[in-house]
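Peer 1: Quick one: this structure, given as structure tokens, is what I'll be asking you about.
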Amino acid sequence: MAGLEALYASARAAVSRPQDALLCGLHWELVRHGYRCLGAGEQPRPDERKSELLPAGWEANKEVYTLRYKSTDDARELLLKAIMVEDSMIVNVMDRTSQKVADVTLAVADYINPEHLDDFHKVYKNMEELRAKIASGIITPLGGPAEKEKKEPEAEKEDPVLPKDYDPLMAPPRQPAGTRAPFWPRPLNPFAVGGEDLDPFGGRSGGMIVDPLRSGFRQPGIDPSTGLPSRLPPGAVPPGARFDPFGPVGAGRGRPDPDHLPPPGYDDMFM
């Protein structure tokens with residue numbers, strides 16, 4: 001009920017009947033939900049401005065209360081009429097912007113103690129029920145003033161998940177995480193280490209002779225029996241016959257022929 005006490009104190013001189021006190025409570029609930037009063041009556045006045053207080057002359061007619069409100073964001077303007085029917089107050093509110101209408105009926109005796117109009121601390125009762133009725137009957141159907149969107153707090157960055165055996169004092173491995181180690185083929189037996197040095201032509205697995213044209217990848221050989229374009233017709237060389245190419249084959253260069261390289265010690269007459 002914060003704020004209602006100050007409002008009731010400022011309007012106390014005009015409160016003479018229980019319905020006046022109930023209208024004060026209704027007015028304050030609208031203020032709490034983002035509305036401000038412009039003035040009394042249906043027609044606006046040139047000197048009016050939005051206020052949390054009740055305007056002068058709000059209680060002039062004890063049978064019909066007419067007040068105008070505007071939201072703090074100027075998006076809605078309400079026309080409130082509270083009509084007394086016997087012991088109940090029928091509240092009708094129209095949003096002049098959207099033409100929406102909401103109404104609620106309040107029994108004055110359920111929320112006001114008529115014998116304690118001079119004592120704010122005793123004049124109201126069942127305030128939670130009164131607030132709930134105003135919210136469900138008026139505020140919710142008409143929609144409250146648009147609230148500014150609140151910025152959501154940025155999600156905190158989560159720490160990376162570390163393995164259980166992680167040691168911050170241990171030097172990181174040379175092999176990057178998530179990559180495979182290079183494959184190093186094992187020799188057939190411990191005594192096969194260095195075998196490629198004894199076989200320079202690569203009969204085992206590589207050899208010492210580097211072919212710059214194939215870089216370690218085998219290329220299909222040439223079958224001279226099928227003929228050579230623009231050089232030999234098909235069948236000119238018998239199948240399986242020894243054949244040394246005498247020029248470049250096709251558009252590319254031919255790969256080196258082991259016969260073009262002299263064997264080790266070819267000039268040694270004692271071999």
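Placed from the backbone N, Cα and C atoms, the Cβ positions cover glycine too.
Automatic prediction, not curation, is the source of TrEMBL annotations.
Pulled these features from TrEMBL for this protein:
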- 13-148: domain 'PI31 proteasome regulator N-terminal' (DOMAIN)
- 141-182: region 'Disordered' (REGION)
- 146-167: compositional bias 'Basic and acidic residues' (COMPBIAS)
- 176-248: domain 'PI31 proteasome regulator C-terminal' (DOMAIN)
- 210-271: region 'Disordered' (REGION)
Peer 1: What are the DSSP helix, strand and coil residue counts for the domain 'PI31 proteasome regulator N-terminal' (13-148)?
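Peer 2: The breakdown for the domain 'PI31 proteasome regulator N-terminal' (13-148) reads 44 helix, 41 strand, 51 coil.
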Peer 1: How does the model score the domain 'PI31 proteasome regulator N-terminal' (13-148) in terms of mean pLDDT?
Peer 2: 92
